[in-house]
Amino acid sequence: MAYAYLFKYIIIGDTGVGKSCLLLQFTDKRFQPVHDLTIGVEFGARMITIDGKQIKLQIWDTAGQESFRSITRSYYRGAAGALLVYDITRRDTFNHLTTWLEDARQHSNSNMVIMLIGNKSDLESRREVKKEEGEAFAREHGLIFMETSAKTASNVEEAFINTAKEIYEKIQEGVFDINNEANGIKIGPQHAATNATHAGNQGGQQAGGGCC
Amino acid sequence: MNKIRGLPPEVREPGPGVELGVEDGLLCQLIHSPEFNLFSKSVVFESNFIQVTKPGDWMNVCEGSTTMILGVTSSVPSLPLPNILLMANVTWPQGQFSTGNTPDSAPVITLSRILPLKFVELQICDRLQRILRIRTVTEKIYYLRLHEKHPETVFQFWIRLVKILQKGLSITTKDPRIQFTHCLVPKMSSSSTETTPESSLLLSSQPSESFMLLETKQTSDSFSHFSGRSQLTADRVCDLNILGRPQRFHMEDAL
């Protein structure tokens, strides 16, 4: 399917925070409570529409386990967006954000958009990390922030799409050099001639949700 | 004049692997495409498989025309052994299948996983049924039957690949001073359910080799952590208790 842009995303964060579940909810609109431990990379993809343009999200779901960490670092290259996920019911996953962020900053391009996600918001009774703490961390480090629930699908669409909107805005502002593939953005084959000519329009909307 | 004399220009003629559909196939084209741009200088060996159920009945897991493409490649082409396993799903229109590149067949291919081979064990599960068994460190097991339209030669390639991954090549270092302190995917114990002729042969004739694993070392390129020092090791002292307990792996030690 033709697209104007392709954005590469990477999902990172401690093991068990729900990275694969977020991906499955976004691409397949379903929740799978038990998921195999991720090793290597698992891929997902979906088309969305922003500013009337078809954008393909190529999503790299990585292993969160410490043992696979050194491999995960090699996947940052060429990512336009990162979803940094913690579990609001596990304080330790929040405490490890700094390490993940250091990794992301060190191994990715400096313009990569990072969305901080506090997942499992449906488990309010077991909450260990206040929403305000997530907001403060994001503010301090220049991240976007949302709390999500992969189980109920709350804010899942928004997390992925708002990240894309931010990337798209950076393209419009000329922050991203879209001809440099190291930025994690590729121009669709049919749109190469007309790219970067539509400045200023924002307010993306999500597409029908078909996987691609 | 900067030209180097004496080196003939590179000539790339399609080899028999292309005709058999195991080289320059759909998976190779996908990962080398601008969309992924992965391992662009490495050859990809690939084949079409149908996922089947556990030993016994070998029923297809999926109905219809969904096929899995399994491929191996190297993060760096100079490595003596492949170190990357690729898995993709492909759907053929009208259920057709072809190893060629006919434009009207237009299959839909989706890359699903990239796995470092060091975290994967490949076995020939049933030679007659042409079934591969793939086991990951997380105990995810796939049984894959080579697509019926592949000629027997293709399965012979997979048998050879499995043996190479287990035994190494003549150029693979056999230096006993290189120590490996762990084993990520140790072979199942004698109570293993693998009783097929191929696996039995391997277990009985070369028990130490059944513990062999591909080890790789990190370099600085993309997916670089899978490259550099490639060799097989017969690790008899691996801790079998780590089966199913990947939290005990110490990959950093191995890299």
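Every residue gets a Cβ built from N, Cα and C, even glycine.
According to Swiss-Prot, the protein has these features:
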BINDING   A:Gly16, A:Gly18, A:Lys19, A:Ser20, A:Cys21, A:Asn119, A:Lys120, A:Asp122, A:Ala150, A:Lys151  GDP binding site
BINDING   A:Gly16, A:Val17, A:Gly18, A:Lys19, A:Ser20, A:Cys21, A:Thr38, A:Gly64, A:Asn119, A:Lys120, A:Asp122, A:Ala150, A:Lys151  GTP binding site
BINDING   A:Ser20, A:Thr38, A:Asp61  Mg(2+) binding site
LIPID     A:Cys211  S-geranylgeranyl cysteine
LIPID     A:Cys212  S-geranylgeranyl cysteine
MOD_RES   A:Ala2  N-acetylalanine
MOTIF     A:37-42  motif 'Switch 1'
MOTIF     A:63-72  motif 'Switch 2'
Fill in the blank from the handout: Per the Cβ filter (under 8 Å) with a sequence gap of at least 6 from its ends, the motif 'Switch 2' (A:63-72) is approached by 12-17, 19, 37-40, 103
Problem - binding-site residues near A:Asp61 (Mg(2+) binding site), in sequence order, restricted to A:Lys19, A:Ser20, A:Thr38, A:Asn119, A:Asp122, A:Ala150 and a 10 Å Cα cut-off - result: A:Lys19, A:Ser20, A:Thr38
Practice task
Count the other Cβ atoms sitting within 10 Å of the Cβ of A:Thr38 (GTP binding site), across every protein chain shown.
Solution key: 21
Practice task
Determine, from DSSP, whether A:Ala150 (GDP binding site) sits in helix, strand or coil.
Solution key: coil
Practice task
Pick the one among the binding-site residues A:Lys19, A:Lys120, A:Lys151 whose Cβ has the fewest other Cβ atoms within 10 Å in this structure.
Solution key: A:Lys151
Exercise for the section: Restricting to the same chain and to sequence separations of six or more, state which residues have a Cβ under 8 Å from that of A:Cys21 (GDP binding site). Expected result: A:Phe31, A:Gln32, A:His35, A:Asn119, A:Ala150, A:Lys151
Completion exercise
Residues in the motif 'Switch 2' (A:63-72) per DSSP class, helix first, strand next, coil last, are 7 helix, 0 strand, 3 coil
Exercise for the section: Would you list the other residues of this chain near Mg(2+) - those whose C-beta lies within 8 angstroms of the C-beta centroid of A:Ser20, A:Thr38, A:Asp61 - in sequence order? Expected result: A:Ile11, A:Lys19, A:Leu23, A:His35, A:Glu42, A:Thr62, A:Ala63
Exercise for the section: Would you find the one among the binding-site residues A:Gly16, A:Gly18 whose Cβ has the most company, meaning other Cβ atoms within 10 Å? Expected result: A:Gly18
Problem - Spatially closest candidate among A:Gly18, A:Lys120, A:Asp122, the listed binding-site residues, to the residue listed as 'N-acetylalanine' (Cα to Cα) - result: A:Gly18
Practice task
Could you round the CA separation between A:Asp122 (GTP binding site) and A:Lys19 (GDP binding site) to a whole angstrom and send it over?
Solution key: 15
Fill in the blank from the handout: Rounded Cα distance in angstrom between A:Gly18 (GTP binding site) and A:Lys120 (GDP binding site) is 8
Fill in the blank from the handout: Taking every pair from A:Gly16, A:Val17, A:Gly18, A:Lys19, A:Ser20, A:Cys21, A:Thr38, A:Gly64, A:Asn119, A:Lys120, A:Asp122, A:Ala150, A:Lys151 (the record's GTP binders), the biggest C-alpha distance in Å rounds to 23
Fill in the blank from the handout: The rounded CA-CA distance in Å from A:Gly16 (GDP binding site) to A:Thr38 (GTP binding site) is 10
Completion exercise
By a 10 Å Cβ neighbour count, the lowest-scoring of the binding-site residues A:Ser20, A:Asn119 is A:Ser20
Exercise for the section: Provide the three-state DSSP residue tally for the motif 'Switch 1' (A:37-42): helix first, then strand, then coil. Expected result: 0 helix, 2 strand, 4 coil
